[in-house]
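One structure below.
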Amino acid sequence: MSGGKGGKAGSAAKASQSRSAKAGLTFPVGRVHRLLRRGNYAQRIGSGAPVYLTAVLEYLAAEILELAGNAARDNKKTRIIPRHLQLAIRNDDELNKLLGNVTIAQGGVLPNIHQNLLPKKSAKTAKASQEL
């Protein structure tokens, strides 16, 4: 068997596998690589950089969608809307820090009432709480 591909004679050629499939990712590694090359971020782009960046983007998207899905379920909805994304991001410390300067259209604000604006406890309820 000199030269040629090893294996059974006459077997069909192995189907090509995308870099996303090789890395076990859903997001497109080839597209991210193309965007890195065309974006003039550097003269040369290594072969591992787009795979790593794609994995990071996929992880962030999955994290945000999971939290937004939980927010939608808490509001008894089956469809994620921008409000659910806003609630998910702003209630998570790390995502809020990462996306602190981002404005989400139709996201609204977090429900928050300042302590001074809440009604004061009456004398009757204050005594009852002290006795307990």
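Every residue gets a Cβ built from N, Cα and C, even glycine.
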Exercise for review: Name the residue among K22, K121 that Swiss-Prot annotates as N6-succinyllysine.
Suggested key: K22
Review point. Do you know which of Q17, Q106 is annotated N5-methylglutamine by Swiss-Prot?
Key: Q106
Check your understanding: According to Swiss-Prot, which residue among K14, K97 is annotated as N6-succinyllysine?
Key -> K14
Check your understanding: Here are some residues: K8, K124. Which is flagged as N6-acetyllysine in Swiss-Prot?
Key -> K8
Review point. Cα distance, K120 (N6-malonyllysine) to K22 (N6-succinyllysine), nearest Å?
Key: 62
Revision key, fill the gap. Whole-Å Cα distance, K120 (N6-malonyllysine) to Q106 (N5-methylglutamine), is 33
